[in-house]
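I have placed the structure first, in the form of C-alpha cells, so that the comments after it can refer back to it.
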Protein chains: 2
Amino acid sequence: MTQNPPAILPSRIAHAGLRQKIMSADAAAALIHHGDHVGMSGFTGAGYPKLVPQALARHIQQQHNAGHEFRIGLWTGASTAPELDGALAKVGGMDMRLPYQSDPTCRARINAGDMAYTDIHLSHVAQYVWFGFLGKLNVAVIEVAGILEDGRLIPATSVGNNKTWLDQADKVILEVNHGHPLALEGMHDIYYGTERPPHRKPIPMTDAGDRIGTPYLHCDPAKVIAVVETNLPDRDTRFAAPDEASRRIAGHLMDFFQNEVQQGRLPEDLLPLQSGVGNIANAVLESLNDGPFSGLQGYTEVLQDGMLALLKSGKMRMASSTAISLSAEVMKEFVENLDFYRERIVLRPQEISNHPEVIRRLGLIAMNGMIEADLYGNVNSTHVMGTRIMNGIGGSGDFARNAYLSIFMTPSTAKGGSISCIVPMVSHVDHTEHDVQIVVTEQGLADLRGLSPRQRSRLIIERCAHPDFRPALLDYVERSEANAKAGHAGMHTPHLLEEALSWHARYEQTGTMLPR
Amino acid sequence: MTQNPPAILPSRIAHAGLRQKIMSADAAAALIHHGDHVGMSGFTGAGYPKLVPQALARHIQQQHNAGHEFRIGLWTGASTAPELDGALAKVGGMDMRLPYQSDPTCRARINAGDMAYTDIHLSHVAQYVWFGFLGKLNVAVIEVAGILEDGRLIPATSVGNNKTWLDQADKVILEVNHGHPLALEGMHDIYYGTERPPHRKPIPMTDAGDRIGTPYLHCDPAKVIAVVETNLPDRDTRFAAPDEASRRIAGHLMDFFQNEVQQGRLPEDLLPLQSGVGNIANAVLESLNDGPFSGLQGYTEVLQDGMLALLKSGKMRMASSTAISLSAEVMKEFVENLDFYRERIVLRPQEISNHPEVIRRLGLIAMNGMIEADLYGNVNSTHVMGTRIMNGIGGSGDFARNAYLSIFMTPSTAKGGSISCIVPMVSHVDHTEHDVQIVVTEQGLADLRGLSPRQRSRLIIERCAHPDFRPALLDYVERSEANAKAGHAGMHTPHLLEEALSWHARYEQTGTMLPR
C-alpha cells in the first residue's frame with residue numbers, strides 16, 4: 001500500500017478546474033470532520049477509495065492521540081477492503097456503519113459493542129438517503145477511473161451508491177485510480193430516472209442487458225473539494241477451489257434445474273441468475289459452465305470469477321451487476337479482453353441491480369448462501385449464534401423476496417461438524433418461511449414450494465440435515481408435535497419454546513451442538 | 001343462509017349459453033371431486049361464493065358418512081366467511097388451505113393438525129399458480145355480479161385472484177349474486193398485461209387511481225360447467241368503536257405524520273395509505289378524517305369502513321383496493337351512493353393491489369397490525385406463542401418491504417395485561433428488523449429508521465412497552481449486554497438464548513408473561 005503519488009496522466013483528469021484541486025490524500029482527508037456522515041464508494045471489494053480512507057485513519061489516530069473525539073458515520077455500497085473498513089475500524093474511527101460489511105476488524109468492533117451497525121437491504125439504502133431518513137450526507141469519497149473534460153466521471157469497477165452519494169453530499173472528494181483500465185468507459189449504465197414518490201415512473205427495463213441510462217456519473221464540479229490520484233489494484237477476491245460439499249450442492253442444483261426445465265417450469269436457457277458472494281456460489285457457476293444450459297443471463301449485484309468464466313465460454317450471453325469483484329488472476333484476463341466483456345457486461349447503480357421491480361419482472365433465479373435454516377424454512381443469513389453479526393443481509397432479501405426461484409445454500413454442518421446448519425429454530429431470522437423456496441446442502445435439496453410448515457420439517461430433515469443431526473432433529477419434531485397434540489401448543493408450527501434455541505446455547509457452552 | 005333459489009332476473013345472465021348451465025348449488029357442488037384443487041373467489045369476507053361451498057360441505061359430509069375419502073385443496077384470495085371456510089372446515093373437507101384465512105373453525109383445524117395451511121405473501125399467489133409451483137387448478141368457483149351477453153363477467157365486491165382462477169382452472173362454476181348492485185359495473189380494473197418471465201413488461205401505473213385494464217373478467221364460456229344464482233349479502237364486517245388504546249395509537253401516528261411533513265419527509269397530502277384489517281387500522285383512518293390532511297389517496301388490499309368515510313368526507317380523493325369489506329350499515333350507504341364511489345374507487349386483482357413494483361413506485365405509507373414485536377424490531381404477525389397460527393401474513397409483507405414508510409401497530413399488552421406485545425424475542429418472525437421502521441403502541445411511537453439493534457432496543461422499551469413490563473425488558477437487555485460484554489455472546493444483537501423465549505413459555509405454563 002504505497003503512499004507515493006503516481007505519475008500524473010493528464011488524460012485521466014481532463015477537466016481543467018478539477019485538475020486544480022489535485023492534492024495529497026492527507027490534505028484531502030483533513031477536509032473531513034468529526035461527526036460527518038461520509039458516503040464512500042465500494043462494493044464487495046471493488047471500486048473503493050484506496051488512499052483517502054487510510055489518510056483519514058491516520059488523521060483520526062492523531063486526533064485521538066491529542067485527546068480529541070473523532071468518529072464518522074460511514075456509508076458505502078457494500079463491503080470494501082482492509083484499506084477502508086479495516087483501517088477506519090482499527091483506529092475506532094466509525095460510530096456508525098451501514099449497509100453491509102465483511103471486514104474482520106470492523107466485525108470485531110461491532111460485536112464488541114464499540115460501534116453501531118445498521119444492516120439494511122441494499123436496494124433500500126439510496127432511497128433512504130433521498131428520503132432524508134438517515135440524515136444529511138456531508139462528504140462523498142468516490143473512486144473513479146477518470147474525469148472527462150466536462151466533469152462527467154468514468155466509474156470504476158463498482159457503481160454501488162455512487163450516484164446518490166455524488167448527488168446528495170455537500171462536498172465531494174474524488175480518487176482517480178490510474179490502475180483501472182480506461183477501457184472500462186462505456187461498460188456502465190447510470191440510470192438518472194429515479195425520483196422520490198409521488199413522482200416515480202416505471203423503470204424501463206425488460207431484459208438483463210438493457211441500457212437505460214448513461215455510461216457516466218454526473219457531479220457538480222463546484223462541490224468537488226479534492227482530487228486525489230492513486231494507482232492501486234482492487235482487493236484480490238480469491239476463491240477456494242470448490243470442495244466436495246460445494247460440488248455436491250452444485251450438483252443437486254443442476255439436477256433440480258434440469259427437472260424444472262423438463263416440467264416446463266423453467267425455459268431451456270433458464271432465467272437470469274443472481275449469485276451471492278462466496279465459494280459455494282462460485283462453485284455453482286462453475287458447474288453451470290460444465291452443464292447443459294446455454295444462452296444464460298446474469299442479473300446480480302456482484303460479478304465474480306465464476307460468472308466471468310460463463311461469459312468467456314459463451315454459455316452466458318449477458319451479465320448485469322453493480323460490481324466486478326475478481327481474483328487478481330481473473331482480473332488480468334478481464335482487463336486484457338475488455339472489448340469483449342464491455343459488450344457483455346452492464347454495471348448499474350445498486351438501486352437498479354437490486355430493485356424489486358426489476359428483479360420480479362425479469363424473474364430471477366436467486367442463489368444465496370446462509371448461516372443456518374430451521375425446520376420450517378426460516379433462514380439466518382447474518383448472525384452467528386443469534387448475537388454476533390457475520391457480514392449483513394446485503395441484497396439477499398431484495399433477491400429472495402422478488403425472485404422467480406429463491407434458493408438458499410449451505411453445507412449441512414460447520415466447524416468440523418460441531419454445528420448443524422439445520423436447526424430446530426434459527427437464532428435470527430433474515431428470510432422468513434414466506435421467502436424461502438429451496439434449501440440445499442451437500443446432503444440434498446428440499447423443494448418447499450407450496451408446503452405447510454409440518455410438511456417442510458420432515459422434508460428438510462430428510463433431504464438437507466447431516467446424518468449426525470437427523471435423529472436429534474426428528475426427535476425434536478416428534479416431541480414438539482406430541483406436545484402440541486396434547487394441547488400445550490399449536491400444530492401449525494410445533495415448537496418446544498424452552499428448547500428451540502438450546503442447540504445454540506449448547507454450542508456456546510460446550511463448543512458443539514451435538515447432544516452429550 | 002337460505003337455500004331458496006332467488007327469482008331469475010335474466011339481465012344478470014345475458015349470455016344465452018351460460019343461461020343453459022343454471023343449476024342448483026347442490027348439482028354444481030357435485031361436479032367437484034375428491035382431491036381437486038379448487039380456487040374460490042373471496043377476499044376479507046367480500047365476494048366469496050355463498051351457496052356452492054355449503055353445498056359442497058354437505059356433499060363431503062355425505063361422502064364421509066358413506067365411508068369415502070373427500071378432501072379438496074382450497075385456494076382463495078384471502079379470508080372468506082363462515083359459509084365458505086367455516087362450512088368446509090367443519091366437515092373436515094380441506095386437506096390444504098392457502099393463502100390466508102381468519103375463520104375460527106378453520107384456524108382450530110389447522111392448529112389441531114387436521115389440515116395443512118400454506119401462508120403465502122398475497123402478491124405471490126397468482127404467479128405461483130401461473131408458474132406451476134402449486135400444481136394444477138382443477139375448478140374455479142367465482143362469485144360475480146353479472147354476466148354480459150358476450151360472456152364477460154361483472155366482478156363482485158372483491159377481485160382477489162379471480163382472474164387467475166378463471167384463466168388457470170379446467171372447469172369454472174359461477175355464482176351470480178343478485179344481491180350485489182349491478183351499479184358495481186365499471187368500478188373494477190382488471191389488468192391483463194401480466195406475463196410469465198421472461199416476457200414481463202412494466203406495469204403502467206403511476207397513480208393510485210390509474211385505470212390500466214378493463215372493468216370485466218374474461219372467461220371462456222366453454223369451461224363453465226355450472227351457473228348458480230344467489231341473493232345473499234357479504235359478511236357483515238363490523239368494527240368496534242375505537243377504544244382508548246386505538247385512539248392513542250392513532251394519535252401518536254397523527255403527530256408523527258405532522259412532524260414528517262414539517263421535516264419535509266412527507267408531502268402535505270401524505271402518500272397513498274395502505275391500511276391493514278381490524279379495529280386499530282380503522283381507528284387510524286377515523287383519526288385521519290378528523291385530522292389536518294386532505295387530498296389523501298388509498299392504495300390498499302381491503303377497503304374498510306374507515307376508508308369509505310374518508311372518501312365520503314372528501315378528505316380522500318381516490319382509493320385503490322382489491323376488496324370492499326364493510327359493515328352492513330356502511331355497505332348500505334355505499335350501495336346508495338355507488339355513482340359517487342365508482343368515481344373514487346378502483347378494485348384490482350390482488351397481484352396488482354399488492355404488487356411490489358407498484359407499492360414501491362407509489363411510495364406507500366403501510367400501516368399494519370401485529371401480534372408482537374421484539375426489542376430489535378422484528379415483528380410476529382401470525383403466530384400466537386410461536387406455534388398457533390392466528391390468520392396469516394396476508395399482504396403485510398408485500399406492503400412493509402416495499403413501502404415508503406413501514407408501520408406496525410398493536411396495543412402494548414393483550415389478554416388483560418397478562419401478555420406483553422413487546423417481548424425479548426418474538427416467537428415467530430414475519431417481518432425482520434430490516435422491514436420494520438415504525439412501531440406504535442398506545443404508549444408511544446418508536447422511530448427505528450437508521451438505528452442499530454442496540455439503539456432500537458432502548459427506544460422500543462422506552463416508547464412502546466407497557467410500564468408493567470418495562471423493568472423486566474430493561475433487565476433482559478442489561479443482562480444480555482453484560483453477558484455479551486463478558487465475551488459469551490455478541491454485542492450486535494445481544495440475547496440470552498436460554499431465556500429469549502421464556503416469556504412465551506411462562507405464559508403457556510402460568511397464563512401470564514409477568515414474572516412471579
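Glycine too: its Cβ is placed from the backbone N, Cα and C atoms.
Within B:ILE371, B:ILE407, B:ILE438, the residue that TrEMBL lists together with B:ASN391, B:GLY395, B:LYS415 for binding CoA is B:ILE371. Around the Cβ of B:ASN391 (CoA binding site), a 10 Å sphere holds 20 further Cβ atoms from the protein chains shown.
For B:LYS415 (CoA binding site), the Cβ neighbour count at a 10 Å cut-off comes to 10, with all displayed protein chains included.
Secondary structure from DSSP puts B:LYS415 (CoA binding site) in a helix.
B:ASN391 (CoA binding site) carries neither a helix nor a strand DSSP state and counts as coil.
Checking each of the binding-site residues B:ILE371, B:ASN391, B:GLY395, B:LYS415 against B:GLU301 (active site, 5-glutamyl coenzyme A thioester intermediate) by C-alpha distance, the shortest gap belongs to B:GLY395. Per-residue pLDDT, averaged along the domain 'Acetyl-CoA hydrolase/transferase C-terminal' (B:332-476), amounts to 98 for this model.
Mapped onto DSSP classes, the domain 'Acetyl-CoA hydrolase/transferase C-terminal' (B:332-476) shows 53 helix, 37 strand, 55 coil. The most crowded of the recorded positions listed here (B:GLU301, B:ILE371, B:GLY395) is B:GLU301, judged by how many other CB atoms sit within 10 Å of its own CB.
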